[in-house]
Amino acid sequence: MTKKGVRPNAITYTTVINAYGKAGKEDKALRLFRRMKQSGCVPNVCTYNAVIGMLGKKSRSEEMIMILCDMKESGCSPNRITWNTMLAMCGNKGMHKYINLVFREMKNCGFEPDRDTFNTLISAYGRCGADIDATKMYKEMIRVGFTPCVTTYNALLNALARRGDWKAAESVIQDMKNKGFRPSETSYSLMLQCYAKGGNVKGIETIEKEISDGHIYPSWMLLRTLVLANCRCRAVEGMERAFQELQKNGYKLDLVLFNSMLSIFSKNNMYERAHEMLHLIRESGLTPDLVTYNSLMDMYARAGACWKAEEILKGLQESGGKPDIVSYNTVIKGFCRKGLMQEAIRILSEMTTKGIRPCIFTYNTFVAGYAAQGMFTEIDDVISHMIQHNCKPNELTYKIVVDGYCKARRYKDAMDFVSKIKGIDDSFDDQSIERLAFRVRENLDS
């Protein structure tokens, strides 16, 4: 175009910038935007909105703000689309206080919220976990005369799902129906998430029955959410029924599903079912990941099969995977529970050699292992090591020690230990020390 002497205008540039954005080529779009300005072609509000929207989808918030500032400095006034895009970005990034600031600035510029703005605000607050603000915005939307749509209701359901407020969510679904709206698969999926977060298994079963009775279409999204909701509530039978429906309908199975189910089977010591899941993962052409291996390690460690847990750890390494601190902590926990402290130390040494630093959970596991063996001298060494290496013991650390002494009926030693805490750990406050002392007295009286 330029070779033929035709200079592109703002519409041309905006069209190409949009195309780059849709193709996931944001950096090319930004380079073209800069070239546009250098050529003397002035971006219009559509151009700026295209760039801001593109960056918003990728959560590139700092660059978005820079473009917005550039927009204002160039004399191009943001419009409603600009502000709605900024509000959505704040929600996606969890920037709660900035939602209020952007909304205030929008109103200062003369823009009153329309239905899209209200929907965006409800969604943004919901993503920040501010369900009270989301509900207030919904009520304000009704007050000023806007009619909610399915998008509005789903945004509100999303906010409530994050807190597990299933009673309020049920009211939203009922309100939708009363106003003539049919809840979408997203509505029911969010309702399932709400029930799961709130631990309401009966609510999950109600939606499952509506699906099986043919009142709700069994889409991939809905059945997948049904599996995960049951997983969260550790409802094994419901989880398996939903999984069978997914298979029966020929829907695609993903690693998140398999790992979630594997984790539940592992926690319930259902070894055969856990290994069936592992077989299904491979049969489906998927590769077990770190979460898969960590679940298997946890299953064996809690069952006392600590050597098998280490075998899984080695299998992860041999497959090219990199164990994380959870992997090592799990195997250490297995050995400590069996009283095999030297083996636990060996795994700790391997872990630190790999550049992974022990955390409070690692140390507390050792403290618990030594306490169970009555090895209190070793516990003192662990606590000293923790303090020296800037991983200070927490109240749980000291509770484990106190409980260990009390279990051995060494109450005087327990009180002596409590009294010397302040001397070795000046960060531990008097209230916490008093709680530990009370714990000893409680054990003594029981």
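One-based numbering along the chain as shown.
Even glycines carry a Cβ here, placed using N, Cα and C.
Going by TrEMBL, these are the annotated features:
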{"type": "REPEAT", "residues": "9-43", "note": "repeat 'PPR'"}
{"type": "REPEAT", "residues": "44-78", "note": "repeat 'PPR'"}
{"type": "REPEAT", "residues": "79-113", "note": "repeat 'PPR'"}
{"type": "REPEAT", "residues": "114-148", "note": "repeat 'PPR'"}
{"type": "REPEAT", "residues": "149-183", "note": "repeat 'PPR'"}
{"type": "REPEAT", "residues": "254-288", "note": "repeat 'PPR'"}
{"type": "REPEAT", "residues": "289-323", "note": "repeat 'PPR'"}
{"type": "REPEAT", "residues": "324-358", "note": "repeat 'PPR'"}
{"type": "REPEAT", "residues": "359-393", "note": "repeat 'PPR'"}
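For the repeat 'PPR' (79-113), same-chain residues at least 6 beyond its ends with a Cβ under 8 Å from one of its own Cβ atoms are 45, 48-49, 52-53, 55-56, 59, 61, 64, 68, 71, 120-121, 123-130, 133, 141, 144. With a cut-off of 8 Å between Cβ atoms, the residues of this chain six or more beyond the repeat 'PPR' (9-43) that come close are 1, 50-51, 53-55, 57-58, 60, 63, 71, 74, 76. Same-chain residues lying 6 or more positions outside the repeat 'PPR' (324-358) and placing a CB less than 8 Å from one of its CB atoms are 290, 293-294, 297-298, 300-302, 304-306, 309-310, 313, 316, 365-366, 368-370, 372-373, 375, 378, 391. DSSP states for the repeat 'PPR' (44-78), grouped as helix (H, G, I), strand (E, B) and coil, give 26 helix, 0 strand, 9 coil. The DSSP breakdown of the repeat 'PPR' (359-393) into helical (H, G, I), extended (E, B) and coil residues amounts to 26 helix, 0 strand, 9 coil.
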